[in-house]
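Among the features that TrEMBL reports, repeat 'Solcar' is placed at 1-86, 90-182, 191-279.
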Amino acid sequence: MALDFLAGCVGGAAGVLVGHPFDTVKVRLQVQNVEKPLYRGTFHCFQSIIKQESAFGLYKGIGSPMMGLTFINALVFGVQGNTLRALGKDTPLNQFLAGSAAGAIQCVICCPMELAKTRMQLQGTGEYKLKTKNYKNSLDCLIKIYQKEGLRGINRGMVSTFIRETPSFGFYFLTYDCMTRYLGCEAEDSYVIPKLLFSGGMSGIVSWLSTYPMDVIKSRLQADGVGGVTQYKGILDCVRKSYHEEGWRVFTRGLTSTLLRAFPVNAATFATVTVFLMYMKAEDNLPECEPAPAIPQPSSL
């Protein structure tokens, strides 16, 4: 259990490093002003950030998901495993229920973490060198939000995060279980690693597609008030105003960036976990065992 947990943390860190630039682009596209858009699309957003803010601009806010990574993995692994054992049988339905339970519980850490990440990602938009820096880092961001808005401010977007994460993790574990069963991922299979990478990547894509519109709402709620002006009273008000001003396409804004991110993030995570476990087994002369369990994708990742 300890080895799997440590491998998950290392693999998750690799996933964050690979996927964070795509996440920054996704957030910028989701919250930009429709009347005066800064970016025409995913690739234009990439180019603009690198040109105006340097490549490091793509990694703004990375400290927040890195800080929460260990705790999120601990919660997800623990809750999913214990829930699956409590349900008794390893069936597709139980995989979905166990994954949903894990997704729901980890919102406690995921929501504040993504709030800080979003605020950091939006800081200094279009500036190569920040003229004014409201937040020094993710922790400083959370402290200042708490000082100004209290616990309610720290948990801004909690309900939308819960609505997004609960089914998303359920679909993630369900898809991974079905894919690995279908592909026949066995330890002795010489193609087990490519199969695990493919299964993990596809699971990430399915989990994002299942709840993406709610992610747009979550990002808008957490970014609301950054410029000193609050637009939305809540989830329904955000949905209504967003649809009225921009149409149904607003709920797919940033989707290309997200899907481009989903596959390599999970591929990097599974590859790192696999190599890590193989190295540890070689070091300790441990017997060969079954492939590593699925590493969940936090939406902050």
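Note that Cβ sites are derived from N, Cα and C of the backbone, with glycine treated the same way.
Across all of the repeat 'Solcar' (1-86), the predicted model scores a mean pLDDT of 82. Counting residue by residue with DSSP, the repeat 'Solcar' (90-182) contains 72 helix, 0 strand, 21 coil.
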